[in-house]
Amino acid sequence: MQPYLIAPSILSADFARLGDDVAAVLAADADVVHFDVMDNHYVPNLTMGPMVCKALRDYGITAPIDVHLMVEPVDALVPQFAKAGASIISFHPEASKHIDRTVQLIKDHGCQAGLVFNPATPLSYLDYMLDKIDLVLLMSVNPGFGGQKFIPATLDKLAAVRKLIDSRGLDVRLEVDGGVTIDNINAIAQAGADMFVAGSAIFNTDNYADAIAKMRQQLALVAR
Ligand SMILES: O=C(CO)[C@H](O)[C@H](O)COP(=O)(O)O
Ligand SMILES: [Fe+2]
């Protein structure tokens, strides 16, 4: 398994001073910037597009940017986000008509590719795709909003994906997104996740470094 990564969701950052806030959370020892793209079509909310991603790069953000596309259709945005500086691009398989083609498109544009599963999305989408992707992202809330409560059934789903990845000897990241906190991150890691998105649990505190350090303390207790 790869080292744990903490990926603050900038959905909960201060949009009026986004560059400074993203720089602050990275200085507080975050690993990756989780960038939530919502289109008011696939999900009932509207957030940010490639221009904002590019603006963060132009501002000087060099950390990996993990773009979580909650959009339908998907393909037209892939080249735009790659050009804007995305490192990882993940999408919801049911939002793409040709999943394999979309994954290939992401890779052809030099980014890592991920598939995202809503709480009720079956894992069967992985049957012919697991060895072609870099990351599986399990949603532990229904997508569209930050600040929701972690859905406990995600733990079993994480364990099932971890088993699948390990049984095939693959180096695929297992990311979890939604309702991750200092209190539940240990159990989530025990279940098999190695990359943790947390928005409100980091940005809604007045000390990002403290929140991230406490998450890392919990992760250090996991037997791997
Ligand atoms: O994809 C998302 C919502 O669709 C966000 O990444 C997620 O909700 C993170 O926010 P929080 O940690 O506050 O739950
Ligand atoms: Fe997300």
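Cβ atoms are placed via backbone N, Cα and C, with glycine included.
TrEMBL has this to say about the protein:
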BINDING   Ser9, His68, Gly144, Phe145, Gly146, Gly147, Asp177, Gly178, Gly179, Gly199, Ser200  substrate binding site
BINDING   His34, Asp36, His68, Asp177  divalent metal cation binding site
ACT_SITE  Asp36  active site, proton acceptor
ACT_SITE  Asp177  active site, proton donor
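Here the features listed in TrEMBL are painted onto the structure.
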residue : record                             : DSSP class
Ser9    : substrate binding site             : strand
His34   : divalent metal cation binding site : strand
His68   : divalent metal cation binding site : strand
Gly144  : substrate binding site             : coil
Asp177  : substrate binding site             : strand
Ser200  : substrate binding site             : helix
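By the rule that a residue counts when its Cβ sits under 6 Å from some atom of ligand 2, the binding-site residues Gly144, Gly146, Asp177, Gly179 yield Asp177. Put simply, Ser9 is the one of the binding-site residues Ser9, Gly144, Gly146, Asp177, Ser200 whose Cα lies nearest to the Cα of His34 (divalent metal cation binding site). Of the listed binding-site residues Gly144, Gly179, the Cβ environment within 10 Å is emptiest of other Cβ atoms at Gly144. In this structure, the CA atom of Gly144 (substrate binding site) is 11 Å away from the CA atom of His68 (divalent metal cation binding site).
Of all the binding-site residues listed (Ser9, Asp36, Asp177, Ser200), Asp177 sits in the most crowded Cβ setting, with the most other Cβ atoms within 10 Å. Within its own chain, Gly146 (substrate binding site) has Ser9, Leu11, Ser12, Asp36, Gly199, Ser200 as residues 6 or more apart in sequence whose C-beta sits under 8 angstroms from its own. For His68 (divalent metal cation binding site), the same-chain residues that are 6 or more apart in sequence and have a Cβ closer than 8 Å to its Cβ are His34, Phe35, Asp36, Val37, Ser90, Val116, Leu137, Asp177, Val197.
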